[in-house]
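J.: Dumping the structure here so I can ask a few things about it.
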Amino acid sequence: MLPFLLATLGTTALNNSNPKDYCYSARIRSTVLQGLPFGGVPTVLALDFMCFLALLFLFSILRKVAWDYGRLALVTDADRLRRQERDRVEQEYVASAMHGDSHDRYERLTSVSSSVDFDQRDNGFCSWLTAIFRIKDDEIRDKCGGDAVHYLSFQRHIIGLLVVVGVLSVGIVLPVNFSGDLLENNAYSFGRTTIANLKSGNNLLWLHTSFAFLYLLLTVYSMRRHTSKMRYKEDDLVKRTLFINGISKYAESEKIKKHFEEAYPNCTVLEARPCYNVARLMFLDAERKKAERGKLYFTNLQSKENVPTMINPKPCGHLCCCVVRGCEQVEAIEYYTKLEQKLKEDYKREKEKVNEKPLGMAFVTFHNETITAIILKDFNVCKCQGCTCRGEPRPSSCSESLHISNWTVSYAPDPQNIYWEHLSIRGFIWWLRCLVINVVLFILLFFLTTPAIIITTMDKFNVTKPVEYLNNPIITQFFPTLLLWCFSALLPTIVYYSAFFEAHWTRSGENRTTMHKCYTFLIFMVLLLPSLGLSSLDLFFRWLFDKKFLAEAAIRFECVFLPDNGAFFVNYVIASAFIGNAMDLLRIPGLLMYMIRLCLARSAAERRNVKRHQAYEFQFGAAYAWMMCVFTVVMTYSITCPIIVPFGLMYMLLKHLVDRYNLYYAYLPAKLDKKIHSGAVNQVVAAPILCLFWLLFFSTMRTGFLAPTSMFTFVVLVITIVICLCHVCFGHFKYLSAHNYKIEHTETDTVDPRSNGRPPTAAAVPKSAKYIAQVLQDSEVDGDGDGAPGSSGDEPPSSSSQDEELLMPPDALTDTDFQSCEDSLIENEIHQ
């Protein structure tokens, strides 16, 4: 089908003498492609750079004035980690009976303590600029986790790749394009820099095809080099734990242990944790602690000032300046005391019901990786036999009651990677929810794919008529590319919330879904449809299913290679480099949510709670997708319009610096699996493949499908696609793959480890490394005699990190100067 289509396109293309009028009319009226001086690039570059400087100045001001945005939550989190580490070190020290030297442990404690987000090296007006360069990768690893280091390493390899591509494109391909004489001999013509300046029979076109294949090889080599240095660490606990779905809902942990130990004689089950529906329990626990913090806050305030505080308990109550019926003020301590008591009762009732809400899932931890792999292979082999010779897993006396024939067994994700509150959403409900959300998302993006649909709608009301004939680069290039950037910046936020409401079980799954959906929509929005002169997906489908498809297709594909078409994408990359990265520093979506939550707070105590809990994890999925969209645009046009590559390199350099700052200062660490990073590598490889597609279409339009350059490009493209499909679907051609990971195992919870010369203790395992929801771990030490469901009861008591925060006085959270700034801010809030 593809060769027939290309051959038809080549035949009809030769008969279409001048498709420019059609392509221009398909654009934003007649104001986007008009043969401006060098495509309007100098004007757009100057405007975007001035906007960039203005946004940096605004960020520096906001950083000094609203310094608590994105910082108090990080300080609170660092302080919580520091207290948790200190308690763990003390428990280990006592339990080990003074065995060995504790230097290494206290060195880790110092590392955590030193990662407070506000330090003395960036407390000036613009000193944060130099602080970005002084942050080391080891500091980022300690504070932000290994995923942040992998992400930044990925960016550095992309930068290196763009440096090589830029040298080849600007140093060789650009002079070759200049050597043509097909277009007018004008020094200010942007078209002279493009491949459209070469005649169809020029032998220099072989150079472009060869360079496209070379870029593909360079991309694969760069990604293999990145993945070979990635050294992805997998915790030993994760490799020894299986996640079982489809288990009998009322199966007990002892019965699960008995099954595996009977079925596998050499197997020792260390722990079996059934899963329960804890979504409402987690909600009540969070609300209870908020109320307790509010009561503690106003109790401390009254002890200082000896004056009771009155509050309006309605949302936005602190903004209401008039007392009307239904919005009367109440005494703060009394209100929060009643609210806390009510929530405590609801919490206890819900906790008693948790045992009655099993999910039919369990996490089972074994004594070593070998037996874990054997059990996993046993279940998966049986499942893969189909209806012909389906076998049963190894039986035991408990097989029938546990329904082992219905089990789905896989490796468990990291405990920090799990959304415990989402485990209860599954089966038909989850799929229906996912379908509805994605249908709504598709309908929304169906009509708002590009800014062209907005401007063409404005044209119907003659809004742009007065400026249509000005032929000004500000009108024709700056605003369309700015609009395109605004929509492409809004799309990741929309896609992220769609993935969030899908209720994925793991953070990695949520990020992967966001990355793939966002990348697909962005490529359609930013690259494919604007390149083809299509203003939205509705026109795309009308064109695709029209009876005159083949006749119109040639004209559509000619739109890709108009002389000034590349200028639109050059200007888009410039806007992304300067305005996009500056807006990433400001974090406008997060700032808006922060302001809304502050406005909805009912008192100063709740505003303080908002400030302490408004920092979020870095969204690797959306970040990868947006970055790969710009990279794909750059690589796709790197040969047909080589002037775009230096601006793509500028974008990646600024993006790298901005992300280093945000990861270290503005976001909480995230724990993901390697699939999110491998998915980004696959998207990188897609970029040079699209470049080959572009060259194939150009050669087919100019010389026909049977021309030598067209046939060579087609063969290379087919071989590349076949290799990619065989590798992705069947695992072949591993040596030609862009993936070259090396896995390292971290011994976090082995059978007989020794830490610093001391024997291990139960206290050495942090709570986050247990396959049980945090709210159930807290329940183990509530003191009311109720243990967490599925717990063995032999674990030593340890206080909840969040409950510790409640019992600490406000002035004892940390001993840093930054915390004293927080206290003074809160006091100023109180007296306002």
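Placed from the backbone N, Cα and C atoms, the Cβ positions cover glycine too.
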J.: Say a student had to find the phosphoserine annotation in Swiss-Prot: which of SER111, SER228, SER405, SER410 would be the correct pick?
T.: SER111
J.: Decide, relying only on Swiss-Prot, whether GLY566 and PHE705 lie on the same side of the membrane.
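T.: Same domain label for GLY566 and PHE705.
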J.: Would you mind telling me which one of ASN266, ASN368, ASN462 Swiss-Prot calls N-linked glycosylation site?
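T.: According to Swiss-Prot, the N-linked glycosylation site annotation belongs to ASN462.
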J.: Scan SER30, SER114, SER248, SER737 for the residue that Swiss-Prot records as phosphoserine.
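T.: Per Swiss-Prot, phosphoserine applies to SER114.
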J.: Identify, in sequence order, the residues in the chain of CYS398 (S-palmitoyl cysteine) that are 6 or more apart from it along the sequence and have a CB within less than 8 Å of its CB; answer 'none' if there are none.
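T.: Spatial neighbours, sequence-distant, of CYS398 (S-palmitoyl cysteine): LYS255, ILE256, LYS258, HIS259, GLU262.
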J.: Taking every protein chain shown into account, which of the recorded sites CYS51, CYS726 has the largest tally of Cβ atoms within 10 Å of its Cβ?
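T.: Per the Cβ count within 10 Å, the most buried is CYS51.
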J.: Do the transmembrane segment (41-65) and the transmembrane segment (708-728) come close, with at least three CB pairs under 8 A (pairs 6 or more apart in sequence)?
T.: no
J.: For CYS726 (S-palmitoyl cysteine) and CYS51 (S-palmitoyl cysteine), what Cα-Cα distance in Å is obtained after rounding to a whole number?
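T.: About 47 Å separate the Cα atoms of these two residues.
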J.: Mean pLDDT for the topological domain 'Extracellular' (179-202), as a whole number?
T.: 72
J.: Grab the same-chain neighbours of the transmembrane segment (146-178) for me: Cβ-Cβ under 8 Å, and only residues 6 or more beyond its ends, written as numbers and ranges.
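T.: Sequence-remote neighbours of the transmembrane segment (146-178) are 137, 140, 192-195, 197-198, 204, 207-208, 211, 214-215, 218-219, 222-223, 225-226, 229-230, 232-233, 618, 620, 623-624, 627, 631, 634-635, 638-639, 642-643, 645-646, 648-649, 652-653, 655-656, 659-660, 663, 669-672, 676-677, 680-681, 684.
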J.: Return the stretch with the most CB pairs under 8 A relative to the transmembrane segment (620-638), choosing among 203-227, 567-599, 674-702.
T.: 674-702
J.: I'd like to know if the transmembrane segment (567-599) touches the transmembrane segment (674-702) in this structure, counting it as a touch only when three or more C-beta pairs sit under 8 Å and are separated by 6 or more positions.
T.: no
J.: Tell me the residue counts in helix, strand and coil for the region 'Gating helix' (567-599), as DSSP assigns them.
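T.: For that range the per-state counts are 32 helix, 0 strand, 1 coil.
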